[in-house]
Amino acid sequence: MNYPYEDFLDLFFSTHTDPLATAASTSSNGYSLNDLDIDWDCDFRDVIESIMGDEGAMMEPESEAVPMLHDQEGLCNSASTGLSVADGVSFGEPKTDESKGLRLVHLLVAAADASTGANKSRELTRVILARLKDLVSPGDRTNMERLAAHFTNGLSKLLERDSVLCPQQHRDDVYDQADVISAFELLQNMSPYVNFGYLTATQAILEAVKYERRIHIVDYDINEGVQWASLMQALVSRNTGPSAQHLRITALSRATNGKKSVAAVQETGRRLTAFADSIGQPFSYQHCKLDTNAFSTSSLKLVRGEAVVINCMLHLPRFSHQTPSSVISFLSEAKTLNPKLVTLVHEEVGLMGNQGFLYRFMDLLHQFSAIFDSLEAGLSIANPARGFVERVFIGPWVANWLTRITANDAEVESFASWPQWLETNGFKPLEVSFTNRCQAKLLLSLFNDGFRVEELGQNGLVLGWKSRRLVSASFWASCQTNQ
């Protein structure tokens, strides 16, 4: 995507804000953007012209196709977001909010492009982010302004992390754990984004182990174990099959994720055990600590006669980031257990290793613009709960994703390729049941009309918002397993 020189400069000098403004961020050179006293009409233009002159081809990045996934037209065509980008931007006579939205999109993409690649320039990135911080804040009235504020903050954090002069000055936003959990629960009430994966995976598990007396779930990333309470309730209340099915969960944790992650897994076990006791569900819980990202079945306690289920939730909100090599190690070893079911749930974010950072950035912007639009349809920006969720939960979520997509191309994969990887590495697809499809549609009926469920082959379901796919769930078994 190319940016005409004059058009790009004009993006900085709109009349939306006070021309004398500062931005709250720390630059890559070790000084705060708050220290800048910039006259946007004079000094700032000189800075941009100087940097662009020095960098030469900075504003002519390598040609990359903008994500046009799943037959979508443009980045987002919602009036609330004001975002509509395909291979360029129409400079007709858009409404004021739409015009500002287009400017913000171009500035975000320009900042992302300036921060990476062969022609990366920290100085140019710094001044673009300074302008963005002047134009937006998380408390603005439109979706696009608020979304741009979160992406600007995320890009600023990346700039700080990359600084070689002041790495010690970088600090991530830290929120009280109770606030984070509250925001997460509010998000679950606002959107089916998280519960879609939980619901479809749990239903598939119930169907797969219907006649099993002992069930062993190996959970790749248990987090708070939210989905397992509902599974226990269903096991206790079901009228068919063994009257007292024993459930055992093995939760993995990795030393690479730190002591906090290990403690969280242990606390999850205590909560699940207490809940199982309260409803009379036979239950046991094991914590499997891995010293590295590599997984070996020898680290598991296996009991003869148990039906093994593999649960793999990848990079959903509140889940820790795991490298592709870690996921491959886990799934490869899990295959040797001849699992009766493998549940795979992941976000539909395009992270193609053969595409550059700019492609991945645009697709991520597309993903979150759809999320913001879906939230707006159910809860207006004026609602304090919406602002709380955005500040405490969605902002850090955006920042974490930006960190992931800046990884070396060798460590970046398309999550859409995981089903293909399973099918070519000893797993077979399991058909989604009619009941599971109906339950997914019933879940969506509790929310706004823009959500939809799409079948992904015979063994998968996808949650979408209008034309954008958001989260997919697919179901598999070992080729050696008799169904």
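All residue numbers here begin at 1 and follow the chain in the order shown.
Just so you know, glycine gets a Cβ as well, placed from its N, Cα and C.
Residues or ranges marked as domain 'GRAS' in Swiss-Prot (evidence: sequence analysis): 95-477. Among the features that Swiss-Prot reports, region 'Leucine repeat I (LRI)' is placed at 102-165. According to Swiss-Prot, the region 'VHIID' annotation covers 184-251, on the basis of sequence analysis. According to Swiss-Prot, the region 'Leucine repeat II (LRII)' annotation covers 267-299, on the basis of sequence analysis. Positions annotated as region 'PFYRE' by Swiss-Prot, on the basis of sequence analysis: 308-400. What Swiss-Prot records for 403-477 is region 'SAW', and it gives sequence analysis as the kind of evidence. Look at Swiss-Prot and you will find 215-219 tagged as motif 'VHIID', backed by sequence analysis.
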Most Cβ pairs under 8 Å with the region 'Leucine repeat I (LRI)' (102-165), selected from 184-251, 267-299, 308-400, 403-477: 308-400
Selection from 267-299, 308-400, 403-477, the stretch that has most Cβ pairs under 8 A to the region 'VHIID' (184-251): 308-400
DSSP residue counts for the region 'Leucine repeat I (LRI)' (102-165), split into helix, strand and coil: 47 helix, 0 strand, 17 coil
